[in-house]
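J.: Have a look at this one.
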Amino acid sequence: MKESPLITLVKRHSETHFANIKYGYYVLIISLVYLIGLALLRAFGRRTPSRSSSAFKNKIIYRLYDIDPAIHLGILFFAVLIPFYYHYSLTTQSTVYLKRLGRLSYALIPLNLFLTLRPNWFLRKNCTYTDFIPFHKWFSRIITVIGLLHGIFFIIKWAIDDNVSLKQKLILKTFNFVGFIISILVLFLLICSIGPMRRYNYRLFYIVHNLVNVAFILLTPIHSRPGVKFPFLLLNCTLLFIHIINRIVFAKSLMILNKNANYSKTNLVHVRLPRAILPDYFEPGSHIRISPYRRINPLYWLLPSHPYTIASLAEDNSIDLIIKETSTAEPGSQIESLRSNPKSFHLDQEKTYTLINSYPPSVPEECYSQGTNIAIICGGSGISFALPLFRHFFNKENVKYLKMIWLIKNYSEYELVLDYLKTNGLTFEKKLSNNKRISVFISGEYTAETRLDEITTNIDDENSEYEMGSFNNEDEDLSISNFNSENADSNDNTPETSHSPTKENGSLIEVKSKHSFTLSNELKSFNNESAQVNQNETWLFSCGPPSLLQLSKKYCNDERINFVCETYGL
């Protein structure tokens, strides 16, 4: 009997082909654990600097609670990378680790998408999406870099291997060619995300960012072997769908009721919106996002919306915004200069806009309920965040000390806010006490009689921009150095001007020009009061350019005071 020939079956894939599947699941589990830990941290963690702890310990606790990217990304990637190098040889089985880089970048996307949900119902009570802006920015960069390294290392590996044709591996194989396209897109995104490029043309960055992210999510499953369709593609598509639904369900059309602007003096404007566009209650310092396009317009999805802090309270009859409209034009120019600026965005009465949603501020709940010793420091258009907070605490009977400090460049900005208070009938005299006051510091020169000489001093370039519409590059010119804060003991012979210019709030609002501003001097009573009350009752709010936020933060760290700041960075 003739023996049948021996048939040998050769495995289609090597023994390492499925080596990274479990690692992908591990990354997903770590992401889930991180989210649970984050929720517990915000629910039960302590952001208050303990008076008995060291400054270093307080700093670490605050950075951890504040979702500092360096701390949180360090913890996350330490956990993710623990089993990265395991079992397989780095020299003879390097392909395993090159593929692992790609799977790692894709497996981290669900976490990134989840943290940027607006609103995020899982973290809504103790977090706002603005808390995650710095984290999201650096997390996204790391994910894209990991994915790009995956592609670069494979190209290098094939290029130096004499037994492999780079053209055949990279171009002729459909799976790898798709990966090559992804690498090119990711590289373009990284270039657009460089600080100067992003600030020069934020619209371009935003469009590229969104399109590349969608392409990365949808094309990677075509490229990846073994597949990542379940659970990663399913999760990513589900989260993308939720993002889309949020921008549809909560959006509504709106028109501007009134706009008070005087471009010959200042770019600070007061805009009034219908009260009906927001719920019956919203927290003081909340903000809204507005798009100039309707939901059916593709530009609604491609271009960024514009965030604005709400200057009014929930009980007011309208929604008021006090904003600076971005412009390259100097005060005194025609309005056409503002409109012709491609970077500018301004609200017109004759147009219809889309309100995407409203969002709470990054203010702890216990601050509203327990705060009795309050200081609020703002610069420029940061008044839109500070004013509703001041009004909220001013109306509370148990508040023992309340002071708001507003630093501005010229008197016209104060006039506009004063007009807003008068128009809305907002007077504070009925509940006035010696421990409740507003101080306005003006860095430019003016006379109380004419109010026309608005000569701004030389300023420091903060070299920064802001995402939130209540701030923009106009506020970069507002530097603490204008107020001589670094030279508190200097014998400055510059005359100081101080007066209370209003009848309605004359005893409450004090306006000072060329005043040597020092935070410690202005907050002496606040600091004295903080030593006599419970630590949870003392809070300092800050909203303005980076130099002001840094000064306020340092003061709070030194004095062991609760600190809340509103920062919106590109």
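Each residue, glycine too, has its Cβ placed from N, Cα and C.
Feature list, courtesy of Swiss-Prot:
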type	residues	note
TRANSMEM	21-41	transmembrane segment
TRANSMEM	70-90	transmembrane segment
TRANSMEM	101-118	transmembrane segment
TRANSMEM	142-162	transmembrane segment
TRANSMEM	177-197	transmembrane segment
TRANSMEM	204-224	transmembrane segment
TRANSMEM	230-250	transmembrane segment
DOMAIN	250-388	domain 'FAD-binding FR-type'
COMPBIAS	481-505	compositional bias 'Polar residues'
REGION	481-507	region 'Disordered'
J.: On the 0 to 100 scale, where does the mean pLDDT of the domain 'FAD-binding FR-type' (250-388) fall?
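T.: Computed over the domain 'FAD-binding FR-type' (250-388), the mean pLDDT is 86 on the 0 to 100 scale.
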J.: Is it true that the transmembrane segment (204-224) and the transmembrane segment (101-118) have 3 or more Cβ pairs under 8 Å, skipping pairs fewer than 6 apart in sequence?
T.: yes
J.: When each of 21-41, 70-90, 177-197 is checked against the transmembrane segment (230-250) for Cβ pairs under 8 Å, which one has the most?
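T.: Going through each listed stretch, the top one turns out to be 21-41.
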J.: For the transmembrane segment (101-118), name the stretch out of 21-41, 70-90, 177-197 with the most CB-CB pairs under 8 Å.
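T.: Going through each listed stretch, the top one turns out to be 21-41.
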J.: May I ask for the residues of the chain that lie six or more residues beyond the transmembrane segment (21-41) and have a Cβ under 8 Å from a Cβ within it?
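T.: For the transmembrane segment (21-41), the list is 64-65, 67, 72, 75-76, 79-80, 83-84, 100, 103-104, 106-108, 110-111, 114, 122-123, 126-127, 226, 228, 231-232, 235.
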J.: Would you list the DSSP helix, strand and coil counts for the residues of the domain 'FAD-binding FR-type' (250-388)?
T.: 29 helix, 45 strand, 65 coil
